[in-house]
Amino acid sequence: MELLTAAEMRAIERAAIESGVATGRELMERAGRGVVAAILDWRPALARAPGRAAVLCGPGNNGGDGFVIARHLKMRGWAVDVFLLGAPANLPPDAAENCSLWREMGAIRPLTEAADGRRSVHDLVIDALFGTGLTRPLEGAARVCAARSWRRFGGAGAVVAVDVPSGMCADSGRALQAEPSDEAAATKCDLTVTFHHERLGHRLAQGPSQLCGDVRVVDIGLAGVPAAAARLGAPNRPGLSKTIGHKYSHGHALILSGGVGRGGAARLAARGALRVGAGLVTLAAPPAAIIENASRLDAIMLRSVKGIEGISELLVDRRINVVALGPGLGVGENTCAKVGAALANEERGAVLDADALSSYQDEPETLFRLTRGRSVVLTPHMGEFGRLFPAVAEKLVAPAARGPAFSKLDAARAAAALAGCIILLKGPDTVVAAPDGEAVVVSAHYERACPWLATAGAGDVLAGMIAGLIARGFHPFRAAESAAWLHQEAARGFGPGLIAEDIPERLPAVFRDLGL
Ligand SMILES: NC(=O)C1=CN([C@@H]2O[C@H](COP(=O)(O)OP(=O)(O)OC[C@H]3O[C@@H](n4cnc5c(N)ncnc54)[C@H](OP(=O)(O)O)[C@@H]3O)[C@@H](O)[C@H]2O)[C@@H](O)CC1
Ligand SMILES: [K+]
């Protein structure tokens, strides 16, 4: 599924209008009608018993959709109060036409009346203030309305956004705010109905976690998706379904373990690599940690390695086609030396996580010299990301004062370009980006939400799963994308109470469900 930016959506709309596929009016009619149908399908009780709706219309075409919605709700027996920000005379042409049509059916009141403090009596509030044309933070009555939505508009049964919650940047999912002290304001919705394809903002940052509620996509008869910015991540079924042949044909992953009492992370990673289908998985541990590991591992092979030389000697074996390291290694020069040894052979893939990333916080460029142009995946969480890419992270945490705002996708892309390899930036809105700009959002939101995945050790398992897929011959980008999806899916299937150990053990069920 494609994820569009506001500019891409505008280009698609323009192309449709210019080629005569539809007029702007027709698109607006389909959009407004589609929103009403989507709402009634979403909450069938609203279809059975029409109540009272407030439609908040903005000064652009999002407001135009609002007038269409008001008309269709009224035709279905709803009592409808329409509020407008600005004057009808300032509306763009299609919105103005629909404003006129509405005026034949009912009154228009200034938005300030909706913003005043009285309790709302509405069963439904339609937020048609701003859509993809939002360029700056909300102010005045629009801001008050958005802020009130956090208190559910007094008595309102449901708050529904047209296209995007007003105040939210469609490209980043961030609420626009003028300065850090300025509390970000965007409408908090129960449902967001968008058109053609989802926007990036429906999948990133606060969009899915706080603002959109549920999301429905309405088909308004637009064809084609020219060069979309990104898409929703998915498992690579053909790659995963390749039948298991000789164990060596599915590669050999090496996981580097920390010292005594610090091997748990590597064991979790190794288990992830094995369950995701690596032919062989070896865990390399310092001699003192061998007994500890031997008592905990069966199918995973164990090798004692002494120092950096030990790792290099082991890696003379070219059948080891990927190394995963970082978890449990500790931050410091010794870990940097291990990264150097792991990346010495150009043909080998690598997954660097946790301490393997943080060890380079003082000189990230040293790491990037090793990773550039290589089959390497870096898997930072936001904290590690900030250590390796401080300038990029700063842009992401600075208040989003103008739309389109710098997004998590922009950040991962910028980082991938700097490091010259694949970046997987973790979160419920995981982004995987490549140096050439290709990017996916692997989303654990909406029906795929699994907040219990944020558990200690889950990241170690993910690093191992990526390594396991690279061992199997996946391109590192596809390995990161598929592993992130499988990782979420395993957590989803397990449910609350999940601990990291459960994730690898759930993978066979996930594969079964995928029909593999
Ligand atoms: N694309 C499609 O295929 C289809 C699109 N459709 C619909 O059109 C919507 C996009 O419409 P749109 O481009 O007119 O933008 P919209 O969001 O209504 O706002 C623009 C106005 O707001 C103003 N403004 C901005 N920020 C502001 C602020 N903070 N405070 C105050 N004002 C602010 C801005 O002024 P300016 O920034 O230019 O000064 C401008 O006047 C889209 O979301 C969808 O619902 C559908 O009908 C079907 C097909
Ligand atoms: K809106």
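In case you wondered, yes, glycine gets a Cβ from its N, Cα and C as well.
As annotated by TrEMBL, domain 'YjeF N-terminal' applies to 9-228.
Residues annotated as (6S)-NADPHX binding site in TrEMBL: 61-65, 131-137, Asp163, Ala265, Gly328, His381, Asp460. Long-range C-beta contacts of Thr132 ((6S)-NADPHX binding site), restricted to its own chain and to partners at least six residues apart, with a cutoff below 8 Å, comprise Ala6, Met9, Arg10, Asn62, Asp163, Val164, Ala170, Arg199.
Within 10 Å of the C-beta of Asp127 (K(+) binding site) we count 32 further C-beta atoms, all protein chains included. Residues or ranges marked as K(+) binding site in TrEMBL: Asn62, Asp127, Ser166.
The domain 'YjeF C-terminal' feature in TrEMBL is assigned to 230-514.
Lys426 (AMP binding site) falls within neither a helix nor a strand when secondary structure is assigned with DSSP, and so counts as coil. Here the Cβ of Lys426 (AMP binding site) has 22 other Cβ atoms within 10 Å, regardless of which shown protein chain they belong to. Under the heading AMP binding site, TrEMBL lists Lys426, Gly427, Pro428, Asp429, Thr430, Gly459.
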Counting Cβ atoms within 10 Å of each Cβ, the densest environment among the binding-site residues Asn62, Thr135, Ser166, Thr430 belongs to Ser166
What is the average pLDDT across the domain 'YjeF N-terminal' (9-228)? 93
Of the binding-site residues Asn62, Asp127, Thr135, Ser166, which ones put their CB under 6 Å from ligand 2? Asn62, Asp127, Ser166
Among Asp127, Thr135, His381, i.e. the binding-site residues, the one with its Cα nearest that of Asp429 (AMP binding site) is His381
Among the binding-site residues Asn61, Asp127, Thr135, His381, whose Cα is within 10 A of the Cα of Thr430 (AMP binding site)? His381
Neighbours of Asn62, Asp127, Ser166 excl. site residues, C-beta within 8 Å of centre, K(+): Leu56, Gly58, Gly63, Gly66, Ala128, Leu129, Phe130, Gly131, Ala161, Val162, Asp163, Val164, Pro165, Gly167, Thr187
